[in-house]
Amino acid sequence: MGSVTRKPLIAGNWKMNLDHLQAVAFVQKLHWTLKDAGHEHDTVEVAVFPPFTDIRTVQTLIDADKIPFALGGQDLSTKDSGAYTGEISGAFLKKLDAGYVIIGHSERREYHHESDADVAAKVQAALRHDLVPVICVGETLEQREESGPTAVSVEQLKVALEGVPADADVVVAYEPVWAIGTGQVASPEQAQEVCSALRAVVAASLGDEAAARTRILYGGSVKSGNIASFMREPDVDGALVGGASLIAEEFAAIVRYQKHVGV
Ligand code: PEP
């Protein structure tokens, strides 16, 4: 299961930050920072995940200025339409040219009590609308101490992939809860151990071909200073970045990890 054909993906999860006006300034700044640095988008894919209220604006800007960023939602409904106040359909995201949607982020699991079954239903909803689900899994510190580093993520991913066809395009993000927004980053070896176990789950669920092409990201306090050490690991194909994705220069430096550390 070599990593040669997997294009690295650096994804910025803005969470509930940047309104639609701030989003315009941010995307322009990120674009120009990468352009000035000579970033070649065919080497590393860049994706941004703004709040729902920004997506139309960001899509218009990306479209008008031919900015080569992929766009995604931070969540979606399990339903496609109907009387579900406050929910957002995958169909609406697709209509705004979103290619991705984050599913099962630990903040949704914790604050909105999303279960593994909810996550699985959202994965199905994403696939129905031709969106690539970015399936987030990861353990708390207590779970790591109780059941080891891989058990929780492996189980979460197994459930999320139930009923997913072998040819589906999915992205997996390993985000240890204890490393998200805490500054307490996992070591590259810890990330590799879990990402490798997750690739084995993709192989068991979707087959070897899917496992070889599926991108598995690490997320949790990623910064320009540590990204290269993760990207050296054979089963880490990119990063899901929270806090550092809100600073254009810093996020651009993460995208350009190959340049500043020579991976
Ligand atoms: C995240 O929330 O997906 C995340 C990885 O956050 P941070 O980079 O801030 O730890």
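Just so it is clear, glycine is given a Cβ too, placed from its N, Cα and C backbone atoms.
Because the structure is a prediction, the values reported are computed rather than measured.
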Co-listed substrate-binding residue [TrEMBL; alongside Asn13, Trp14, Lys15, Ser221, Gly242, Gly243] among Gly73, Gly163, Gly181: Gly181
C-alpha spacing of Glu175 (active site, proton acceptor) relative to Gly181 (substrate binding site), in angstrom: 11
Residues among the binding-site residues Trp14, Gly181, Gly242 that border ligand 1 - Cβ under 6 angstroms, in sequence order: Gly181, Gly242
Per DSSP, three-state class assigned to Asn13 (substrate binding site): strand
